[in-house]
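Here's the structure we're looking at; comments come further down.
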Amino acid sequence: MTSRLRALGGRINNTRTSELPKEKTRSEVICSIRFLDGLVQTFKVNKQDLGQSLLDMAYGHLGVTEKEYFGLQHGDDPVDSPRWLEASKPLRKQLKGGFPCTLHFRVRYFIPDPNTLQQEQTRHLYFLQLKMDVCEGRLTCPLNSAVVLASYAVQSHFGDFNSSIHHPGYLADSQFIPDQNDDFLSKVESLHEQHSGLKQSEAESCYINIARTLDFYGVELHGGRDLHNLDLMIGIASAGIAVYRKYICTSFYPWVNILKISFKRKKFFIHQRQKQAESREHIVAFNMLNYRSCKNLWKSCVEHHSFFQAKKLLPQEKNVLSQYWTLGSRNPKKSVNNQYCKKVIGGMVWNPVMRRSLSVERLETKSLPSRSPPITPNWRSPRLRHEIRKPRHSSADNLANEMTYITETEDVFYTYKGPLSPKDSDSEVSQNHSPHRESLSENNPAQSCLTQKSSSSVSPSSNAPGSCSPDGVDQRFLEDYHKVTKGGFVEDASQYYCDKSDDGDGYLVLIRITPDEEGRFGFNLKGGVDQKMPLVVSRINPESPADTCMPKLNEGDQIVLINGRDISEHTHDQVVMFIKASRESHSRELALVIRRKAVRSLAEIRSEDELSQLFPEAMFPACPEGGDSLEGSMELLKKGLESGTVLIQFEQLYRKKPGLAVSFAKLPQNLDKNRYKDVLPYDTTRVLLQGNEDYINASYVNMEMPAANLVNKYIATQGPLPNTCAQFWQVVWDQKLSLVVMLTTLTERGRTKCHQYWPDPPDIMDHGIFHIQCQTEDCTIAYVSREMLVTNTETGEEHTVTHLQYVAWPDHGVPDDSSDFLEFVKYVRSLRVDGEPALVHCSAGIGRTGVLVTMETAMCLIERNLPVYPLDIVRKMRDQRAMMVQTSSQYKFVCEAILRVYEEGLVQRLDPS
């Protein structure tokens, strides 16, 4: 028997029981933990204990309640291969470097929006970690951003500036960035004075909100090499895996595009979802320094994915959602639900059959509603600028709020990727994003009667991409649906715009219903994924809210979205639960997007109001009757905003003018000069550069106003890329432009929106044959004004340019108030030079750019007492550059701003004589 055990690798344990306590005593060791405040605490542990015991000691020492964000990092590991203490593994197998040992308490998972953290202590620890990372150079940032960050750190530590205590040089012993100098500290001291009144927690929140806009926020970097042995960094972020060369992101692989990650010896593999018309799996490979670092990277990827996927789910929804996600992990405890997880040797598997993939030719990103502050040294700090949202507590009684929470914290990182040379191994992939399925599982009758009273409004009933967002409905409500079904492009959210017609028959209508006093909506449903049939309205109770709303809900209408939620994969009972949950929201409204197969006969339409809703007279307006005066056009605009018809008209308008080619933009040598692959200039209106390379993604947009004998000229262009800055300044030089208007920050929530094509004052930056010097920089609460000197190094000629950067546009959607924007437009008008184009850009050069052109054109017309038709303005713009004014929310914003300018007299009328 003994020999048999030895043959199998076993051995007989003859250890006496009396020896066990002595063994345990000898295994006690000392571990030191360095916390984020710099203090070191020693703990006595047993080597046989699991890592969780030491983690619990660290958590208990600080009194941390949100423990999931933090971990213990090994202190002796290289910077480019961080290793974390595993909770489920014995300490003796992890701490092999001898005792006593030192570990570092650190934030491991940085969520996209730290404002949603529940505990102030957690936010304080985030602040300490970010401050340390900036100070030690792990989190790089521009000098101007570093000044602002340091000023908030000073406010947190010293409190309000006091001239009697804080004498010049009081920060001499403070360290904020690796290579700071006296000039840097003097700027910090100056800015500290502006933060008077901010509490410590508020200053720290401001610090976090700026830090989270930096490119490397929340990115865990691992060193590696490509297949040609060239150095690169692999970063693990909340939404996927990024590849950096010389600290520039060259590729990004979202989790939704990754089927499996694996490793073999020193090679790390990313298995991507197949593209359309591809029969083979697409695999990207990297070389790591050694087997340990390769396994370490793989493990960290698995744990990051598991953590951030779980954070997207409400606790009540995890069990249901696990049906749609199949995740494999070496540690099943890390995944959402153990029974639905596969264990895969050396890899993580997603089951593509269990999820509905969107178009693989698209990349979507979502931004948070909070604003990204600009990176300028004179940025003001008052609370009104930093709209720090209160953390929301998850509650099953308020499903609507939880749905918003999930949407807002969902993040997909995006950085422009130009085509790499053939020697680069991490090739660009097409990327997509599938919404996760959210549901509550409760027992409800197979058919339920639901009712409601009051009003609703119509939504776009067209096949054009995009959506109508009437007042009171979340702006993401229809936009997300059209992005899912039609590939609709949103400037702040997508790399592609795909103009696809809807696959289904009929047209879409948005219906809003408010329940009656008893909480009933008044209609029955049949169908669901469990019944293997679409969800259809089977019965409408007479005189119920569903029957009296306009447009009314009809029997046979197919339910597509409920409060912005795609219900195509949900059971009947789950859908009923979603509808009931809407009664608990603040507005109590139920917003349904339904597909209606055919328009009812006129005999079925009971009122003229309903007829005008379904067939608005101004669906294809020319010059509406009574609208040939300014007053008449403003009255029509006001009524259109109230009824929602202006948004329907906007959705009916073509996004690209039929028949206009974009062939030059698609030439092979020009492809990498386009930030977005479907936002391209028409051949007929594109700006031609002087010289051999004549292409830039820019269009001439001339807004002619014959009745005013006026033409406003623009050059609308995308935000420059690192490889197009020289062409950008070539346009400025060729056209002798004196005004450049920028409508975005450089990054919004860590995503690059525009490359910085100008230097910080008073530095000089070279782009091609041009020297650019920023001579002055003046910051206000809404915009930054710069004076730049452009010098042609070949001729020695100089040209002065005014650069205006609007920084108050929120990361998501549109501004809540138009005051700042209107002041900015008025300032732009004051700097215009007669007959000279103004160069305007945002990120794609169509959304916010179109809003500004529309607003300035409308102001000119109001000033001259001429009628204003916003849709005609948009049509004229789209005849010259596709997709100008990009979303319904942008169009609604500019229409409301135009009406406000008229009603409040914000523009001085010119004397008709």
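Cβ coordinates are placed from backbone N, Cα and C, and glycine is handled just like the others.
Annotation comment: Swiss-Prot describes THR376 as phosphothreonine. Taken from Swiss-Prot, the feature compositional bias 'Low complexity' covers 454-470. What Swiss-Prot lists as substrate binding site is ASP811, CYS842, SER843, ALA844, GLY845, ILE846, GLY847, ARG848, GLN886. Under the heading active site, phosphocysteine intermediate, Swiss-Prot lists CYS842.
Location within the structure of each feature annotated in Swiss-Prot.
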{"residue": "CYS842", "record": "active site, phosphocysteine intermediate", "Cβ neighbours (10 Å)": "27"}
{"residue": "SER843", "record": "substrate binding site", "Cβ neighbours (10 Å)": "24"}
{"residue": "GLY845", "record": "substrate binding site", "Cβ neighbours (10 Å)": "28"}
{"residue": "GLY847", "record": "substrate binding site", "Cβ neighbours (10 Å)": "26"}
{"residue": "GLN886", "record": "substrate binding site", "Cβ neighbours (10 Å)": "26"}
Integer Å distance between the CA atoms belonging to CYS842 (active site, phosphocysteine intermediate) and GLN886 (substrate binding site): 12
Three-state secondary structure, GLY847 (substrate binding site) (per DSSP): helix
DSSP three-state assignment for CYS842 (active site, phosphocysteine intermediate): coil
